[in-house]
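Report on the following structure.
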Amino acid sequence: MSKPLLEVSACYRSFQAGEQQLTVLKDINLSIARGEMVAIVGASGSGKSTLMNILGCLDKPSKGSYFIDGQDTSQMDVDELAKLRREHFGFIFQRYHLLGDLNAVGNVEVPAVYAGKDRLERRERAESLLSRLGLGERLDHKPNQLSGGQQQRVSVARALMNGGDVILADEPTGALDSHSGEEMMRLLQELHREGQTIIIVTHDMHVAQHADRIIEIKDGVIISDEPNPASNIAAAPKTEVIPAKTKARARVAAWDRYAEALKMALLAMSTHRLRTFLTMLGIIIGIASVVSVVALGEGSQREILKSISSMGTNTIDIRPGSGFGDRRSARVRTLTASDANALKNLPYVDSVTPSIGSSATVRYGNKAVTATVNGVGPEFFRVRGYELAQGQFWDDDSVNALAQDAVIDENTRKQLFPNSSGAMNSAIGEVIFLGDLPVRIIGVTQPKESAFGNSDALNVWVPYTTVSGRMVGKKYLDGITVRLDESVPSNAAEQGIISLLKMRHGTQDFFTINTDTIRQNIEKTTATMTLLISAIAVISLVVGGIGVMNIMLVSVTERTREIGVRMAVGARQSDILRQFLIEAVLVCLCGGALGVALAYLIGVVFAQAGGSFQMIYSTTSIVAAFACSTLIGVLFGFLPARNAARLDPVDALARE
């Protein structure tokens, strides 16, 4: 005698009902051979559905053993049972249990997706099965576009998809009219004749008469197990062989499962568009806030650094005394032109300018204004980054000759020569008086912003020797400004300058102002403020993540039956986990994309509104935004996805 396909021995199944234990199946002993057509008959509450669930590996006995083709299922985990369902069983449910978002072909393909079949192969097989069952013209119809009988035939095709050994039909005619019910039974008999093992679970003895063996169950006990003399259907040996998966095919199958999960996630999102958008809203606001804040911080920082650069890029100012506010600084007279010449010879110094400042009344004709007269060297304009609008700068010869040549700024030109903007009315060559000293204008600088915006100060620059010898009569300097080579670290250069001057003076009777230190401090301050505001914006992301988790928990509850169907046709726990996790991540990624788009829109509005600087968007912040979206999807989507994956398939299928 050949080994039975299914064998149940001394099977008990108990459930906890409050403080009592309810035993639904008692000492069930049953074997079913390959190719049999068996009907399990019993009234409601008799235990027939529980027995079917055990036979179909949806449930496990509390005690006893169950063998499938010689394999003991008692020690198998949930994924091993899922594999048995994929390879050995096909389910036909009373209520069809089709997935409403998929068409007929899509529903039939589901078991093959989890079995890892090639996409083209499974589609061809699904279409072939549906055509064979008379649904060739309904391939693209969704369940709500099909009649009850047509939906049941789709479920039959789904049961046959993986070519399993056993078809389990739970009340296959229960939801059909009499005509459709008879058609269904003829279809099952036809499948039996082709060698399929059929197990029908029903309360209707008329339906059971179509089987060649009838098992009657009552109060959890088999009371009869007899052949049906009225049946004369001979089963042919089943010859269909499902090809084994290779490693390469397994990799493609894994990708197909991801693609299927992505498709289902998109379908779920499109089905509940408003809810999905509201779920995304927290993510959108959070991502837009973070990206916008970073862009604002970067833009403002660049603007401030640009303003600082207007004072002279990479410069060090040297002043007498110990620091700002030192009352003794006026008595320190050790900074001289020879110090400036010594500094100029340092290898890391680009240019140097001495400086002597004075305030004077500047007169031209009947116009008189108060301006700052700056005695500087010929390299001053390079050090400070000034450019000419008209004329020229003076040179070393002018310095040595105490030349009475002057360069004025745009503000001074406007005050003294309001009509001299054109070349025909240029201020060049005009003579003005600095106090009582006449000087000739040889150049006009272009307008230049100060470190903190436009300056209205009036500036006149003349050789420092002229100021020293012809105006103030002092031999010492008010300060020296050094521009460093761009490739040299400013802190190291600053220490070199201090060491040289200390050696020359014998003491440190001066202090330095390093613009690079100012720049670094501003960068740190801006980064700190950006981090602070971003941290506040991240709260919105967390709130959005909680919203995603909440909606995903609702989605799991709404789609419990779908989860049960997927498990019944062979989905692993990892497949269910992946599907809901991908959906959560997809919601967050879409929210992240919309958030970045909103941030760019904010930038456009900011520019149109006349912002004082431009928002600078960085690739890093955008990549970080998407990484953050993905992380939120994983973190807040994991709990709902895990809950879905841990659902009991029997409970899930029974959920309304």
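We number each residue from 1, going along the chain as drawn.
Quick reminder: no glycine exception, Cβ is built from N, Cα and C everywhere.
Remember, it's a predicted structure, so these values are computed and weren't measured experimentally.
According to Swiss-Prot, the features are:
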type     : residues                                               : note
BINDING  : GLY42, ALA43, SER44, GLY45, SER46, GLY47, LYS48, SER49 : ATP binding site
DOMAIN   : 6-244                                                  : domain 'ABC transporter'
TRANSMEM : 277-297                                                : transmembrane segment
TRANSMEM : 531-551                                                : transmembrane segment
TRANSMEM : 586-606                                                : transmembrane segment
TRANSMEM : 621-641                                                : transmembrane segment
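Structure with Swiss-Prot features highlighted.
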| residue | record | Cβ neighbours (10 Å) |
| --- | --- | --- |
| GLY42 | ATP binding site | 23 |
| ALA43 | ATP binding site | 12 |
| SER44 | ATP binding site | 7 |
| GLY45 | ATP binding site | 12 |
| SER46 | ATP binding site | 21 |
| GLY47 | ATP binding site | 23 |
| LYS48 | ATP binding site | 26 |
| SER49 | ATP binding site | 21 |
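If you count C-beta pairs under 8 angstroms between the transmembrane segment (531-551) and each of 277-297, 586-606, 621-641, the highest count goes to 277-297. Sequence-distant contacts of the transmembrane segment (586-606) (same chain, six or more residues past either end, CB-CB distance under 8 Å): 262, 265-266, 269, 276, 279-288, 291-292, 295, 544-545, 548, 551, 615, 617, 622, 625-626, 628-630, 632-633, 636-637. Taking the mean position of the Cβ atoms of GLY42, ALA43, SER44, GLY45, SER46, GLY47, LYS48, SER49 as the ATP site, the remaining same-chain residues with a Cβ inside 8 Å of that point are HIS203, ILE217, LYS218.
Model confidence over the domain 'ABC transporter' (6-244) is summarised by a mean pLDDT of 87.
Secondary structure at GLY47 (ATP binding site), taken from DSSP and collapsed to helix, strand or coil, is coil.
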